[in-house]
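What Swiss-Prot says about this one:
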type: BINDING; residues: Cys121, His124, Cys192; note: Zn(2+) binding site
type: COMPBIAS; residues: 1-15; note: compositional bias 'Polar residues'
type: REGION; residues: 1-42; note: region 'Disordered'
Amino acid sequence: MTIASSNGSNYSQSPLIPDLADAITPRPDRNTNNGRQADVFPPKEEHIEEMKDAVRKIILGVGEDPEREGLLKTPKRVAEAMRFLTSGYNQSLEELVNDAIFDEGHNEMVLVRDINFFSLCEHHMLPFMGRAHVAYIPNQKVVGLSKLARIVEMYSRRLQVQERLTRQIAEAIQTILEPRGVAVVMEASHMCMVMRGVQKPGSWTVTSAMVGVFQEEHKTREEFFNLIRHQPAFF
């Protein structure tokens, strides 16, 4: 499910509509190229000079002087920033989880909500940022709570579209835990809609991905949506 809204919408809160939740069909970790998995490799150190040269060309392209004092170190700074913002390519799900899976016999919903995230839109390489809500219903096994936030972080630190990002997080949790169900909702503001193009400050996009009982059972979805709408009393 994907929901987009902007100022002037009739919704007073995120319009999460359980009946429209989508099922997930597993697919490759990254986007595909003509049906084949795209050739994407972890960045190499020698590429940093190529990135710096590219930034210099961009500076020239916008009519600036890359040799003036304020811009002398900009290519290096931008290259390093891009490496950080896409550091998720250097991580793998197996290394991230690091065997932090435990047999607890727990079979009720586990939810980590309001996980702040930042990512880069792959179309314009502009930021989008927001909050993720991640839940699963264990099949006896649980994972360390921080790992759910780290999974969100790993996939966010790549060139992304929000729809795929949401799906990848759900599929990752399904892969490591084989739970009875997984639910992920992400709410984000996209700078490519705010700073350029349609230029709509205040617009936001909601995406959801449902697996297993969250997709199959209305009551389970409704419980999840109610929990992420609920405002904790201790904050």
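In case you wondered, yes, glycine gets a Cβ from its N, Cα and C as well.
Take the mean position of the Cβ atoms of Cys121, His124, Cys192, the recorded Zn(2+) site; other residues of that chain with a Cβ within 8 Å of it are Leu120, Glu122, His123, Met125, Leu126, Phe128, His190, Met191, Met193, Arg196.
His124 (Zn(2+) binding site) carries neither a helix nor a strand DSSP state and counts as coil. The local packing around Cys121 (Zn(2+) binding site), expressed as other Cβ atoms within 10 Å of its Cβ over all shown chains, amounts to 18. DSSP assigns Cys192 (Zn(2+) binding site) to a helical segment in the three-state reduction. The Cβ neighbour count for Cys192 (Zn(2+) binding site), using a 10 Å radius and every protein chain shown, is 16.
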